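Engineer: This is the structure I want to talk about, given as structure tokens.
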């Protein structure tokens, strides 16, 4: 008898040690989640707030998402940490109801916002011509307000008797008593979970299908040279044929890489949603159907832990994955080393980026946008990427979704500079690649910066001309006031000489340098 009692005591002590170790592990994990969620969402909110040009309609949804997650990490997760240590609620009934309502509200709004982001990108890809008119900044704000009201409708019933809030020691927090009202559980799952899930599956599925189609024509952000042009340039030359064959192989590899990266990005978005919220929905549905004790405590703890990790994943996927947001964040954090490397160009063109992004959001074609910002000089047919997460391609009727750049920056510069192909880059990327030692470029950039105010008066006419070009094939002269940037200040003499020399060549007249200088002097006197 004494031996059996001693064995039982040893087993109980061992179980106690295991339970204590598990409690410590759970507490440490939730502390790490709380810190990462707070920091991650805070940096995205601050970056978007301090850089207003980043608040495009698409990024307004990201701002709402990260703001709600930041609110959750500050007002709720610290109490979850305390409850995970004590295995009890110590903050009263009122605060229990408040944290339960806050958790349910933020969770519902986050899932619905993810569905809204999917719909926004769906319209950006499939309907690029009407996207800027349909998805405006004001409508994005209205959609966000509706999302919060929609979530509030789904979260208030427990306060009025349809189910209730209670502390669940295995979920570490106060939450809905899912097992008490099957009808409310079914209502909340349908109202706040299934709707965004269906929207994401449909929208991202169509986006990936369009990306596969566009990957056959667009690679590395460049317009693919047509087969006729390639054959005309290779008139029976053996070396040229060999080069063309190798180039075609590289294109095929790039196409496969583009599709793979698009698939990986969509897989990450959907996979994160299903991994963080899927198990939680399954567990609460099981509790509602089979009772409270139908799910083991370890599973309850695990699904709660996964649901909290969504607050860490959202700023990473929808914030830091964005190249522009990431660059601005690095510029804010490492001001001395990162931001001052090209301080003059970045400082003088910060407003240029803001204006150019707004012009791109108006839905104008890339060549017109480039002409507006470049002072009337066409940058060539190609593509232009806006902050809405998609790229305009003039050779295509639809746009390719850029959830993330299909190729890395290194491969972009390597492939897009070969054979003088016209690359598809943003205006910020164009400025980043300008040689820092060229004073003329800085001067021209400053001229553009000073003359941007004159664009507003003629912008409507420019949009009208662009619409005629796109829809009717007509081209009318763009107002000259748009191009006054070239005449505001005198550009360097050698640039004027190059311009005059090119004009004379086009007219069939060859002039020497002395004639060019004399003509330039006459223009200055006039």
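Any Cβ shown, glycine's included, is placed from N, Cα and C.
The following feature annotations were taken from Swiss-Prot:
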type: CARBOHYD; residues: 2; note: N-linked glycosylation site
type: CARBOHYD; residues: 6; note: N-linked glycosylation site
type: CARBOHYD; residues: 12; note: N-linked glycosylation site
type: TOPO_DOM; residues: 49-60; note: topological domain 'Cytoplasmic'
type: DISULFID; residues: 96-174; note: disulfide bond
type: CARBOHYD; residues: 97; note: N-linked glycosylation site
type: TOPO_DOM; residues: 120-139; note: topological domain 'Cytoplasmic'
type: TOPO_DOM; residues: 208-263; note: topological domain 'Cytoplasmic'
type: TOPO_DOM; residues: 322-526; note: topological domain 'Cytoplasmic'
type: COMPBIAS; residues: 512-526; note: compositional bias 'Acidic residues'
Engineer: Given the disulfide-bonded residues 96, 174, which one has the fewest other C-beta atoms within 10 angstroms of its C-beta?
Structural biologist: 96
Engineer: Just counting, how many other CB atoms are there within 10 A of the CB of residue 97 (N-linked glycosylation site)?
Structural biologist: 16
Engineer: For the topological domain 'Cytoplasmic' (120-139), what does DSSP give as the number of helix, strand and coil residues?
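Structural biologist: The composition, in the requested order, is 14 helix, 0 strand, 6 coil.
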Engineer: Using DSSP with the three-state reduction, classify residue 97 (N-linked glycosylation site) as helix, strand or coil.
Structural biologist: helix
Engineer: Could you give me three numbers for the topological domain 'Cytoplasmic' (49-60), the DSSP helix, strand and coil residue counts?
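Structural biologist: Helix (H, G, I), strand (E, B), coil: 9 helix, 0 strand, 3 coil.
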Engineer: Pop the Cα-Cα gap between residue 97 (N-linked glycosylation site) and residue 174 (disulfide bond) into the table, whole Å please.
Structural biologist: 7
Engineer: Work out the three-state DSSP category of residue 174 (disulfide bond).
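Structural biologist: Residue 174 (disulfide bond) sits in a strand per DSSP.
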